[in-house]
Amino acid sequence: MLPLTYVVKAFSIGLFFSLFLMKPLISWLKKQGFQDHIHKDHCEKLEELHKDKAYIPTAGGIVFVFASVLAVLLLFPIQLWSTWFCIGTILLWGALGWCDDQIKNRRRVGHGLSAKHKFLIQNCLAAGVVLPIMFAYKESFLSFHLPFLGIVSLPHHWWSYLLSFAIATLAIVGTSNSVNLTDGLDGLAAGAMVIACLGMLVVACTNGAPWAFICCVLLATLAGSCLGFLRYNKSPARVFMGDTGSLFLGAMLGMCAVLLRAEFLLLFMGGIFVLESLSVIVQVGSYKLRKKRVFLCAPLHHHYEYKGLSEKAVVRNFLIVELICVVVGIIAVFVD
């Protein structure tokens, strides 16, 4: 079969899995009490703006995990260790988000794992992902695809492996948290992920990395499942992906960038995620240093809500920005 056949099959698995499993999943989540309680510390205005979202089922992102496992089992050779590496990675990152949503559900105050504990677990999981890739890729792990510049290789020294390991770990953890920050409006994170995954898929299909095929299948599955999820997550949302979905999606996108040796390309392919994270970093840094806020509220999408833009307008504009970033990213790959 041609690689395109695998891509179409993976996309179809993700799409139909989300479309047909989501309805019974929403009913089950309601029965289990997985509901968004819209508790925002020191953000009374934000609670007021989002009061209509209270008690909407959350943790719907578990469908992305199921779809990804199914796609890997159906399309990857079962005897290869890389197949089980993918399944283990998918399940562990899915479990992290699920546990976080479980804790939120039990406490019913909008808080799950503490930021420190979550960050520590994320780094451990990311390291567990990067190390096998580093040993499998060997010298290839020292090469990076820099936008507009092409392939750049580091010298074969121990510090090169350490630097490459740090960059790869940062890409996975950073993207995971960035998608999590972006998941604050109906259809925003899922819509941006569809665009980002399709953009990275174009890169993966033309990439010569050892495990590029794995990326093609995963990215196509995620794009399809996010597209199907949008039917239920677009405004007015009937379900949220929760941390189960956002942490998982970001980690998978980051892992694919690592596999393609294209971590720096995430600056374009995940452009809107980068902007959301930067807005939080700038906001927190400014307040700690100057006791002044740069934005009315962070992440960035809430800033525009505070300025009076409707939720649909913010989502539409952000998705346009993400599309532009992805187009620039694709151009950056092929012009070098």
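Residue 1 is the first one shown; counting continues down the chain.
Here the Cβ of each residue, glycine as well, is placed from N, Cα and C on the backbone.
Copied over from Swiss-Prot:
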TRANSMEM  1-21  transmembrane segment
TRANSMEM  56-76  transmembrane segment
TRANSMEM  78-98  transmembrane segment
TRANSMEM  124-144  transmembrane segment
TRANSMEM  148-168  transmembrane segment
TRANSMEM  184-204  transmembrane segment
TRANSMEM  210-230  transmembrane segment
TRANSMEM  239-259  transmembrane segment
TRANSMEM  264-284  transmembrane segment
TRANSMEM  314-334  transmembrane segment
The transmembrane segment (78-98) versus listed stretches 184-204, 210-230, 239-259, 314-334: most Cβ pairs under 8 Å: 239-259
When counting Cβ pairs under 8 Å to the transmembrane segment (124-144), the leader among 1-21, 56-76, 210-230, 314-334: 210-230
In contact by Cβ distance (the transmembrane segment (264-284), the transmembrane segment (210-230); 3 or more pairs under 8 Å): no
Stretch in 1-21, 184-204, 239-259, 264-284 most in contact with the transmembrane segment (56-76), if contact is a CB pair under 8 A: 239-259
Listed stretch, out of 1-21, 184-204, 239-259, 264-284, that has the most CB pairs under 8 angstroms to the transmembrane segment (314-334): 184-204
Beyond the flanks of the transmembrane segment (239-259) by at least 6 residues, Cβ under 8 Å: 22, 25-26, 29, 34, 36, 53, 56-65, 68, 89-90, 93-94, 96-98, 100-101, 104, 112, 122, 125-126, 129-130, 133, 168, 171-180, 182-183, 189-190, 193, 196-197, 200, 204, 209, 211-212, 214-215, 218-219, 222, 226, 229, 232-233, 265-266, 269-270, 273
